[in-house]
Structures are given as structure tokens and as C-alpha cells.
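**Q** Feature annotation from TrEMBL assigns domain 'FAD-binding FR-type' to 310-443. Here TrEMBL flags 7-25, 54-74, 95-113, 119-137, 157-176, 196-221, 233-253, 273-302, 559-580 as transmembrane segment.
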Amino acid sequence: MSSKGMVRAIFLVVFAVWLMIWVMLPTKLYKNTWTPNLETTLNSTYFSGQGTNLLLFSFPLMFIAAFGCAYLHFQNKSTDSSNHSKRLGLDSVTALLKRPVVVMAPLGIVSALELTFASMFVALLIWSLANYLHVSFGNLHMHKEGEKIWEAKLRSVSLRLGYIGNICWAFLFFPITRGSSVLPLIGLTSESSIKYHIWLGHLSNILFAAHTIGFIIYWAITNQMAEMVEWSKTWVSNVAGVIAIVIAMPMWVTSLPQFRRMKFELFFYTHHLYFPYIFFYVLHVGDAYFCMILPGIFLFLIDRYLRFLQSRQRTALLSARLLPCGLLELNFSKTPGHYNYPAINMLKSSYIFMISAVINLFFGPSRLYYNPTSILFVNVPRISKLQWHPFTVSSNCNMETDELSVVIKCQGSWSHKLYKELGSSLDRLQVSTEGPYGPNSSHFLRHECLVLVSGGSGITPFISIIREIIFQIQKPNFKVPRVIMICAFKNSADLAMLDLLLPISGTPQISQIQLQIEAYITREEEQPMAEAHKPLQTIWFKPSPLDSPISATLGPNNWLWLGAIISSSFLMFLLLLGIVTRYYIYPIDHNTEQIYHFSYRNSNTSNITRGVAMVFWCRTRKPSPSVPRPSYQCSFWFKT
């Protein structure tokens with residue numbers, strides 16, 4: 001077995017052990033035998049009772065996330081582009097399982113492999129609930145004098161439904177962590193796995209709603225409604241749970257497909273209530289249960305903070321191309337293969353400066369790399385300071401070494417305002433970006449023939465695919481796939497989108513690929529006159545010293561740096577938690593008659609300190625003059 005195979009086997013074993021712990025958690029064996037032995041062995045004055053859950057539930061996934069970054073770095077470094085298609089050919093083994101087997105709302109498109117793992121997860125939830133209830137009903141105790149057995153069982157069932165929801169939360173945040181190493185290790189991206197977050201979100205909200213309703217009914221029939229607003233000093237805070245579920249309800253309602261499609265902005269802004277939701281959820285469940293779901297939340301918050309730092313930078317916008325069909329292309333400056341040293345004035349106060357310096361010294365420059373069909377989030381403060389819109393990247397990172405382009409179709413108020421602003425003779429436009437994010441590989445290169453079917457602005461992802469093929473033909477022994485692109489446009493003016501097949505700098509190598517374009521016009525009955533077509537308009541912007549090119553972000557372009565931040569942040573968290581527990585909580589619990597407040601203990605566990613600072617190397621670039629554009633053959637059909 002190769003070294004790569006051994007590392008992947010280690011990750012698989014660690015993950016399997018982590019899953020097995022979740023399977024054994026609700027059983028009598030874990031409660032009566034494993035728990036006393038583990039607490040005796042792992043309990044300490046530095047972590048108290050949290051030590052067991054930190055070791056069993058948090059450490060395995062943090063180990064995979066941190067060392068997975070190093071594995072992905074060396075894997076990408078050792079993978080040669082010439083055997084890229086051969087490596088991708090291994091995917092054919094699982095191609096059958098990845099074919100869609102269910103296409104229906106609200107699940108969407110589900111493959112056989114996804115359906116298998118979803119069934120296994122549902123089986124885990126059913127197994128856990130059945131064992132929790134079996135253990136609970138076997139040791140049923142009354143909380144109030146005169147309480148009936150069925151009332152105690154109702155309370156027990158409601159409590160265990162919350163436990164099952166906690167299992168969903170253990171997986172909930174991994175699909176939306178865009179810069180995590182966990183998803184790439186199993187061949188996924190955040191974009192392709194967002195539906196798992198949707199499924200888990202709906203399922204957890206159903207369980208938590210049933211958990212809350214069950215307790216409200218129990219309190220009502222036992223005349224204990226005052227319990228709902230109790231903030232216990234020594235046990236679970238019920239009012240924190242009520243606040244959490246009140247926050248969760250609008251998030252859940254606005255995320256329903258019918259509501260999200262009609263009021264997307266309301267869904268988007270409401271979903272940012274996740275921070276107070278997490279805060280009150282942690283205060284409610286306690287530090288022990290929080291440590292069980294810590295890895296997903298921890299990695300998500302690191303990723304969210306790093307994305308926030310990137311989005312605060314002003315991106316250098318070089319030029320824009322306006323098409324008469326209401327479509328525009330934005331061309332940004334990006335860093336090629338230079339060292340990605342952040343600005344010294346912000347890094348002098350950050351421990352990340354030492355980490356980045358060591359990594360750049362031993363492992364070389366950080367290169368901005370992205371695959372075709374990647375997306376970039378764009379924000380234009382002049383139009384809206386809060387709105388971020390994702391657009392497909394049309395440029396090729398290899399062929400266009402210092403430019404990154406996105407294509408935008410004017411189909412909404414934001415895009416129409418942007419088109420109008422660009423057409424008003426601006427000499428500079430402030431723009432912020434986040435990303436790019438995209439697939440892990442160019443899997444389409446393994447095919448002998450590509451059939452690309454698009455409608456309108458849906459041609460955008462195919463532009464990046466064709467440019468990638470143009471770049472690949474420069475390599476020896478590369479078998480050029482035949483490309484048949486079928487495009488449907490509403491009117492003849494939309495044919496100008498085909499001009500975007502070539503970058504703004506132009507290249508004659510498109511004639512070397514086997515490209516056949518069939519364009520269909522669906523809303524015009526007669527072929528328009530040649531003079532009716534307006535020329536494409538190119539606008540150049542003046543550089544600003546405050547702007548910076550799009551640099552390599554942590555993740556696919558800086559796995560080692562991301563791994564160093566994850567591991568160092570987690571070690572800092574453990575150090576802070578140990579110090580607070582040993583020198584503040586422990587004396588109160590053991591040396592005085594007071595008891596340290598249960599909710600404060602939870603908040604101390606959830607407050608994670610990160611001293612991470614990221615800025616981007618700023619470099620100006622002179623605009624490149626346009627070069628003659630090669631012609632290509634197209635066939636056009638008009639509706640009659």
C-alpha cells in the first residue's frame with residue numbers, strides 16, 4: 001500500500017471509530033460501563049467532565065480536518081497534470097452509484113450513493129432513539145409527587161427527541177464550510193453538498209420543535225408552566241432553549257422552498273440569525289453536549305471568519321465588457337504565482353504571520369487556482385452594501401494568469417443597476433469579492449466528446465470549459481475532446497454571448513479544438529439585418545491604491561496554512577478552556593460552597609479565541625490592449 005493509501009486508511013479508521021462512538025452512545029453498555037471508566041481515566045481539573053467528550057467526539061474530526069489539509073497539499077503537489085485524466089478515470093468505478101435514482105421535490109436529485117448514506121443516517125437516528133427510550137423507560141423516575149407514568153414517559157420522549165436533534169447538529173455545519181478539508185477528502189464540495197445541510201436543517205428543526213412542544217404539553221398538564229422561563233443555576237436553562245427555538249422558527253419558515261423562491265433576500269438575512277441561535281442553543285444543551293457537536297461549528301466559524309476577512313478587501317476591477325443583449329463581463333486582477341505575503345502592518349500583531357512565513361519559506365508561493373465552472377461572490381457597495389451575488393467564473397486560471405472574469409446577465413434589479421452604472425462613463429468602481437469556489441477537478445477532460453446544452457446566460461459555465469480545453473491542447477499527448485455546443489437564445493442580440501468564448505486578450509488557438517456550435521433563436525421569426533447588431537463595448541477602469549488583486553484564499557490554494565490555523569486555533573481553545581476550568585471554575589466548585597453557574601460554564605466553552613488576520617498583497621496592473629479576434633464557424637437556425 002502506498003503512503004497516500006495508508007494516510008487515507010488512517011482517516012477512514014478514525015472516522016469509523018467516531019461513528020461507532022455515536023452508535024454506542026445511547027446503549028446501556030456505554031452508559032453503565034464505558035462512561036464510569038472513561039470519566040475515571042479522563043476526568044481532570046483542567047477539563048472536568050468535558051474531557052471525555054472532547055477526546056471521543058471533538059478530537060477525531062479535528063484530527064482529520066487538520067492533517068487532512070496537509071494530505072491534500074501534498075496530494076495536489078505530487079499530482080501531475082499529464083496523468084490527470086487517468087486519475088479521474090478511477091471515478092468510473094463509482095459512476096453507477098452516482099447516477100440519479102430519485103428526482104422529486106423536496107429531495108431534489110438524489111443518487112444511489114446518497115440514498116444509501118441517507119438511509120444509514122436515518123437508521124442511526126432510529127437506533128439512537130429506540131435505545132435512549134429503552135434505557136430511559138427501564139429507569140423511569142418521577143420529577144414530581146403524584147406524576148403519572150405516561151406523563152413521565154412523555155417527558156422522557158421529549159427529552160430524547162432533543163438528543164436526536166443534537167446528532168443532526170453534529171453533521172449540520174460541514175456541508176456549508178466552504179474552506180474545509182473534510183469535504184474534499186471524500187470528493188465533495190460545499191456547492192454539491194448544500195442539499196445535505198438543507199435535509200439536516202429541516203430534520204433537526206422538526207425534532208427540536210417536537211422536543212419543545214412535548215415539554216410544553218408536559219409542563220401544562222403537570223401545572224409547571226413556570227419551568228419554561230426558568231434559568232437554572234445548576235442545571236439546564238429552559239428559557240435559553242425557548243429563546244433558541246423562537247429564533248429557529250423564522251429561520252426555518254423562510255428556508256422552505258416556496259418562501260425562499262419568492263422572498264430570497266428575507267431568507268438570506270433571516271438565516272444570519274444563526275449566531276444567536278447557536279449561542280442560546282449552547283447555553284441550553286450544556287458544555288458536555290456542545291463538545292459532542294463542536295467540530296462542525298468550530299470549523300464553520302473559522303471558515304466564516306476567514307471569508308469575512310477576504311470580503312472586506314476592495315478588489316481591483318480592470319475592465320468590463322458590455323454586450324447589447326444586457327449581459328456584461330467583469331474582469332478582475334488576480335495574483336499569479338507570487339508569494340502571498342499579507343501586509344506587514346496587520347500581521348505584526350498576529351500569530352499567523354509566523355505560520356505564513358514558515359509555510360512560504362519551505363513550501364513556496366501560494367497560487368490562485370480554480371477549476372472551470374467555479375463561482376465568485378461579488379458585492380458592489382455603490383448598489384448595495386449587503387447584497388452578495390454568486391456568478392460563474394468564465395476565465396481560465398492557467399491561460400489567464402493575472403485576470404479573473406465573471407459573466408452577469410441583467411435579470412434583476414441589482415444586475416440592471418450595475419449595467420446602468422457601468423454604462424455611465426465611470427472611471428472607477430469599488431467592488432468586493434469572495435472566492436472563487438468550485439469543483440475539485442476538471443472531470444470533463446476524461447470524455448472523448450462533450451455535448452454542452454445551454455439556454456441564454458447558461459452558456460457561462462461552458463465558456464470556462466472551452467477555455468480549459470484551449471489551454472490543455474498546449475500539452476503534449478493530450479487527446480482533445482470533441483465539443484458540440486447547442487445554445488438556445490431568445491433573440492439574435494443574445495448571439496453576442498458567443499463573443500465571450502475568448503478572453504479579452506484573445507487567442508488564435510480556438511481553431512485547434514473540434515468545436516461545433518449550433519445556436520437557435522426562439523423568439524424571432526426572421527433573420528435580422530447585419531447592421532442591427534451593435535458592437536461589444538469594453539470599458540477600462542483606472543487603478544486605485546486601495547484595491548488589491550484577488551489572492552489565493554485558504555483552502556484549495558493554501559491547505560497547509562489552513563491546517564496550521566485549524567490546529568493552532570483548536571490548541572488555543574483547549575488551552576483557554578483548561579485555564580478557565582482549572583483556575584476559575586474548579587476553585588468555585590470544589591473549594592467553596594458555591595456552584596459555578598451552569599450557563600456561564602457553557603458560554604466559557606463556546607467562546608473560542610482566534611487571532612487570525614488576513615490581507616492581500618496589492619499590485620497594480622496596466623491594461624492589456626486588445627488583439628485581433630479569430631473567427632469561428634457557427635450555424636444559426638431561426639424559428640419559422
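Positions of Cβ are set from backbone N, Cα and C atoms, glycine also.
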**Q** Could you name the stretch, out of 95-113, 119-137, 273-302, with the greatest number of CB pairs under 8 A to the transmembrane segment (157-176)?
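**A** Selected stretch: 273-302, with the most Cβ pairs under 8 Å.
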**Q** Let me check one thing: do the transmembrane segment (273-302) and the transmembrane segment (7-25) come into contact, meaning three or more Cβ pairs under 8 Å with sequence separation of at least 6?
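**A** Contact between the transmembrane segment (273-302) and the transmembrane segment (7-25): absent.
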**Q** Quick test of the contact rule: Cβ under 8 Å, at least six residues beyond the ends. What residues does that give for the transmembrane segment (119-137)?
**A** 22-23, 25-28, 31, 153, 156-157, 159-161, 163-164, 167-168, 171
